[in-house]
Amino acid sequence: MTDSENTFKSAKSAGCIEVICGSMFSGKTEELMRRLNLALIKNLDVHIFKPQIDTRYAQHAIVSHNQKTMPCTAIPTSTEILKFKKDQQVIAIDEAQFFDRDLPHVCNTLANAGIRVVVAGLDMDFRGHPFGPIPALMAIADDVTKLQAVCVRCGKPALYSFRFTGGTTQILLGETNAYEPRCRNCYHNYSTKSHSL
Ligand SMILES: Nc1ncnc2c1ncn2[C@@H]1O[C@H](COP(=O)(O)OP(=O)(O)O)[C@@H](O)[C@H]1O
Ligand SMILES: Cc1cn([C@H]2C[C@H](O)[C@@H](COP(=O)(O)O)O2)c(=O)[nH]c1=O
Ligand SMILES: [Zn+2]
């Protein structure tokens, strides 16, 4: 190991929780990957997790809407994260809205042990209601980044994920086949699928 690698590895930083949230297509996974790539350049040990339920693109990778990928471990419940060895300097979690209510406690445990925890997930479901453990995580996070997509109806910043098919169950995996990002006005005033911009 070189001197500079040693310096980076031994610099024990304080743990923290970073939350990246927003609507679908707002760039949450890309932003997560950007932060993780910077950590990898610093030779930090990174471990990425996602909920097993998210089989949308791949079982062992996180995947952005523009097909960037990074390998990950898929797990059934958030407490599984604590069973892995704890010498990672950075732990990342994507699609965190699908995890259970233990996730804030798990993230706090990791952060208190000196680990940087970066979590990405939807803050709201298709009804505009808080989604899973994300709101509770936002409350205890050191840093929260809320991203916006482009509204497909009018081009304004989009904070909602409008669902135009698939019924009313909260969880429905999908992308442009079922969802489109919308601004507040278009979300509340138009109830059918948009023609694209
Ligand atoms: N309406 C839209 N607004 C913003 N980005 C969009 C839109 N439709 C497709 N995209 C693509 O989605 C990418 C973001 O993907 P991703 O990081 O996976 O988002 P998220 O994880 O928030 O769903 C953008 O860089 C862009 O290429
Ligand atoms: C709004 C909403 C979304 N989902 C699903 C749809 C996708 O599979 C993911 C979100 O993925 P992204 O990376 O943020 O684009 O969540 C859902 O199950 N229920 C919803 O209300
Ligand atoms: Zn709009």
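Residue numbering: from 1, along the chain as shown.
Glycine is no exception: its Cβ is also placed from the backbone N, Cα and C atoms.
Here is what TrEMBL records for this protein:
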type     : residues                                                                           : note
ACT_SITE : Glu95                                                                              : active site, proton acceptor
BINDING  : Gly22, Ser23, Met24, Phe25, Ser26, Gly27, Lys28, Thr29, Asp94, Glu95, Ala96, Gln97 : ATP binding site
BINDING  : Cys151, Cys154, Cys183, Cys186                                                     : Zn(2+) binding site
BINDING  : Ile171, Leu172, Leu173, Gly174, Tyr179                                             : substrate binding site
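Recorded features from TrEMBL, shown on the structure.
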residue: Gly22; record: ATP binding site; DSSP (3 states): strand
residue: Lys28; record: ATP binding site; DSSP (3 states): helix
residue: Asp94; record: ATP binding site; DSSP (3 states): coil
residue: Cys154; record: Zn(2+) binding site; DSSP (3 states): coil
residue: Leu173; record: substrate binding site; DSSP (3 states): coil
residue: Tyr179; record: substrate binding site; DSSP (3 states): strand
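Straight-line distance linking the Cα atoms of Cys183 (Zn(2+) binding site) and Ser26 (ATP binding site), rounded to a whole number, equals 12 Å. Of Met24, Ser26, Cys154, Cys186, all annotated as binding-site residues, the residue with the shortest Cα distance to Ile171 (substrate binding site) is Met24.
Nearest to Tyr179 (substrate binding site) in space, judged by Cα atoms and limited to the recorded positions Ser26, Glu95, Ala96, is Ser26. Of all the recorded positions given, namely Asp94, Glu95, the one with the smallest number of surrounding CB atoms inside 10 A is Glu95. Among the residues Gly22, Ser23, Met24, Phe25, Ser26, Gly27, Lys28, Thr29, Asp94, Glu95, Ala96, Gln97 said to bind ATP, no two Cα atoms are farther apart than 15 Å. You'll find the Cα of Leu173 (substrate binding site) roughly 14 Å from the Cα of Asp94 (ATP binding site). Annotation for Cys186 (Zn(2+) binding site): same-chain Cβ neighbours under 8 Å, separated by at least 6 residues, are Cys151, Arg153, Cys154, Lys156, Ala158, Phe162, Ser194.
Taking only the Cα positions, the spacing between Gly174 (substrate binding site) and Met24 (ATP binding site) is 10 angstrom. For ligand 3, the neighbouring binding-site residues among Ser26, Cys154, Cys183, Cys186 are Cys154, Cys183, Cys186, by Cβ distance under 6 Å. Sitting within 8 Å of the Cβ centre of Ile171, Leu172, Leu173, Gly174, Tyr179, and not among those site residues for substrate, are the Cβ atoms of Arg163, Gly166, Ala178.
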